[in-house]
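Participant: Next up is a structure, given as structure tokens.
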């Protein structure tokens, strides 16, 4: 029986290993993590992450060929294939601060693997890592190997939160990069055999190590670039009276471009896009490619501009101040169908409003009050460290309250900001909401989910990103 161990029980490790266990009943899969509460949650009925379909997969396999454990060394020692899916946060100090990936957790995992191994192993990079990380990990393993042979593979994940299980069941591609040596090819084929139990062979791509590592960063950069492109257009649409939804729909009809990732919004979030682009920028700078670095930096600059523009629009529309006004924030997760708040645009929007002394009431169907308060008091990039190493915030943000439903959040509010595209926000009783709000009542739709005309008929002043502006908004232009 092939034994697989995955170090790291987070958003990538947990779902990926659960699906491998489901699709490969002859393989024993153990997910290990030093965080006891996280492993306890994986072994309970309340999993530590929300992902549609994940519960069913875990329940079918757990206790049969899928196990979750804190005994890291034992299961690494026994494994044939070790996946490493640990945090690779952006460095906050030292060389490359604010851009480079911090490989502290990766390096300690590699040293531990070398230390406890008593048999040859295939070590698989599953975390998103900078190009040439495999080379560094290889050196650590070789210099501490005690005669044991290790093969390093890169097998980046291409999961989208909210559809991760479907992405794992029906991947566009599975990418495996390895050394172009007889031993490297053998290791690649061993991992290929695992995926081939459910993925068609033509979708399993094999490359050299560096191509696999760079492909992950490139894929995320291209996706983020599309979002920033349409968001840049949204600003121009507002200035000219064009409608960004009509423009992006027409552009997406071109088969060379296609319709995906062309929805204008308050900005992209999530754990990968910004981090991976910053990483790409740093790699370009280190390799003497400043023009290329500058090009990719613009993707993040436009994303930051979009969030700032949204906050400025809110403040300027409401008589140039939101001081002591209640603003309801609907949605805090970075997108629908996930409870993940990492790098969510909602953080910057809320901080911008708090900077003008607004009182904020937040409702999100999947995000806890504790998580919201943590996000609003944490420094940038702190979220990407394991929970027990994150600074504990002794204070909560007093001007922020968290509501149990949209109606409570919006009661007596001056304005509503829609920051996540949850389906339920499309079908709320906006007449009831309007009745219970201060007047004039504003809706700032950062995801273009509501029918603006319908809301205007009720009496709302509506701002939809990239759409022709209300006369009210034209009379009170946002300051840049």
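Heads up, the Cβ atoms here are built off N, Cα and C, so glycines get one too.
I grabbed these lines from TrEMBL:
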- 272: active site, nucleophile (ACT_SITE)
- 8-13, 33, 38, 86-90, 127-128, 161, 272-275, 342: NAD(+) binding site (BINDING)
- 328-452: domain 'UDP-glucose/GDP-mannose dehydrogenase C-terminal' (DOMAIN)
Participant: Non-local Cβ contacts of residue 161 (NAD(+) binding site) (under 8 Å, 6 or more apart, same chain)?
Facilitator: 11, 51, 270, 334, 335, 337, 338, 340
Participant: When the number of other CB atoms within 10 A of each residue's CB is tallied over all shown chains, which of the recorded positions 11, 272, 274 has the maximum?
Facilitator: 272
Participant: For the domain 'UDP-glucose/GDP-mannose dehydrogenase C-terminal' (328-452), jot down how many residues DSSP puts in helix, in strand and in coil.
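Facilitator: DSSP composition of the domain 'UDP-glucose/GDP-mannose dehydrogenase C-terminal' (328-452): 42 helix, 19 strand, 64 coil.
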Participant: What is the separation, in Å, between the Cα atoms of residue 33 (NAD(+) binding site) and residue 272 (active site, nucleophile)?
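Facilitator: Their Cα atoms are separated by 21 Å.
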Participant: C-alpha of residue 90 (NAD(+) binding site) to C-alpha of residue 272 (active site, nucleophile): distance in Å?
Facilitator: 11
Participant: Please report the Cα separation of residue 8 (NAD(+) binding site) and the residue listed as 'active site, nucleophile' in Å, rounded to an integer.
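Facilitator: Approximately 17 Å lies between the Cα of residue 8 (NAD(+) binding site) and that of the residue listed as 'active site, nucleophile'.
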